[in-house]
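Below: the structure, in C-alpha cells.
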Amino acid sequence: MSRLVLAIGNSRWHWGIFSRDQAPQFWDAIAPHQPFSRSDLATFLQAQDPAIVADTPIAIASVVPQQLALLPEDWPQRRLQLRDVPLTNCYPQLGLDRAIALYEAGCQAGWPVLMIDCGTAITINAGDAEGQFAGGAILPGVTLQLRSLAQGTAALPSVEISAEGDRWGMDTQSAIASGVIYGIAGALRGFIEDWRSHHPQRPIYFTGGDGELLAKLLTDLPDIRVEPHLLLHGIDRLAQAMMTDPD
C-alpha cells in the first residue's frame, strides 16, 4: 500500500508517495486558496499516481497550521507535532520542518550532523553527537533577498540566479545576482567552517528548493550532500515509526 506524506510550507505544498515496490515520487504544488473536497483531493492525488485510493492516510507536517483546514476533515490524517520528533533539547518554538529534516539527516548519516534548509528562509541546524538539537541560525533566502531589494529600491530589474554567474557583475542584474548568491554562500561557509572546527569530517546536508544551487558554490568543502526531499523522507520515517509504536 502506498504511503502519502505532505509538508505544508509558506507558499507551496510538498507531496511524496512512498511504497515498497517503487521509488518514491515527489511533487510540489502552489498552496491552494480554497478547501479541497474529498473527491477533489482524490482526483488530485490520482492524477499523480492512479494507484492511490481514497482514504489513503496522509502524514502531514505543517509550518502554516491554518492551512490544515483546507484538507477534508474526513480524510485520514496523521498530523505530526514537535513532540513526535525524537530530537531532544528543542526549544518550544523550533520549526517542525527544521526538527524533522535534522532528525532525518541524523538517521541517514549518524550524529553529529549539520543540515541547511534553503527555502524562503534559510535555516542552519546542528545536531550533536548525542542526537540533540545543538542550535542554528535563520537568514533570508534567495527569493526573499531579491524581493526585499525589489521592494526597497526603485527601478531594479528582475533577476535570475545561477551558480555559474560571474562574481563581478557587469550590469545591474548580474551585480544583484552576485551580491545575493555569493553573500549567502559566504555566510553559509562561515557557519560550516565553525561547525567543522568542532566536528571535522562530518557531513553537511543541503535541502530545500535552493539547496542544490547553493551547494554548488561550496563544492570545495568535503562531504557536502544534497537531498532535496529530506523533510518528506523524515515525515515518512516518523509516520511509520508511530504506526509501529502508536504510544
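Quick reminder: no glycine exception, Cβ is built from N, Cα and C everywhere.
As recorded in Swiss-Prot, the features of this protein are as follows:
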type: ACT_SITE; residues: Asp97; note: active site, proton acceptor
type: BINDING; residues: Ala7, Ile8, Gly9, Asn10, Ser11, Arg12, Trp13, His14, Thr120; note: ATP binding site
type: BINDING; residues: Tyr91, Gly95, Leu96, Asp97, Arg98, Thr172; note: substrate binding site
type: BINDING; residues: Asp117; note: K(+) binding site
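With Ala7, Ile8, Gly9, Asn10, Ser11, Arg12, Trp13, His14, Thr120 listed as the residues that bind ATP, the site has a largest C-alpha separation of 14 Å. Per-site Cβ counts within 10 Å over the binding-site residues Ser11, Thr120, Thr172 peak at Thr120. If you take the Cα of Gly9 (ATP binding site) and the Cα of Leu96 (substrate binding site), they are about 11 angstrom apart, rounded to a whole number.
The Cα of Trp13 (ATP binding site) lies closest to that of Asp97, out of the recorded positions Tyr91, Leu96, Asp97, Arg98, Thr172.
Cα of Arg98 (substrate binding site) to Cα of Asp117 (K(+) binding site): a distance of 8 Å. Neighbours of Arg98 (substrate binding site), defined as other CB atoms within 10 A of its CB across all chains, total 24. Secondary structure at Thr120 (ATP binding site), taken from DSSP and collapsed to helix, strand or coil, is coil. Ranked by CA distance from Leu96 (substrate binding site), the binding-site residues Ala7, Ser11, Asp117, Thr120 have Ala7 at the top as the closest. Listed in sequence order, the residues Asp28, Ala31, Val63, Val64, Gly119 complete the 8 Å Cβ shell around the ATP site centroid, once Ala7, Ile8, Gly9, Asn10, Ser11, Arg12, Trp13, His14, Thr120 themselves are left out. Across the structure, the residue listed as 'active site, proton acceptor' and Ala7 (ATP binding site) place their CA atoms 8 angstrom apart. In the structure shown, the C-beta of Trp13 has more C-beta neighbours within 10 angstroms than that of any other entry among the binding-site residues Trp13, Tyr91. Of all the binding-site residues in the record (Tyr91, Gly95, Thr172), the one with the smallest CA separation from Asp117 (K(+) binding site) is Gly95.
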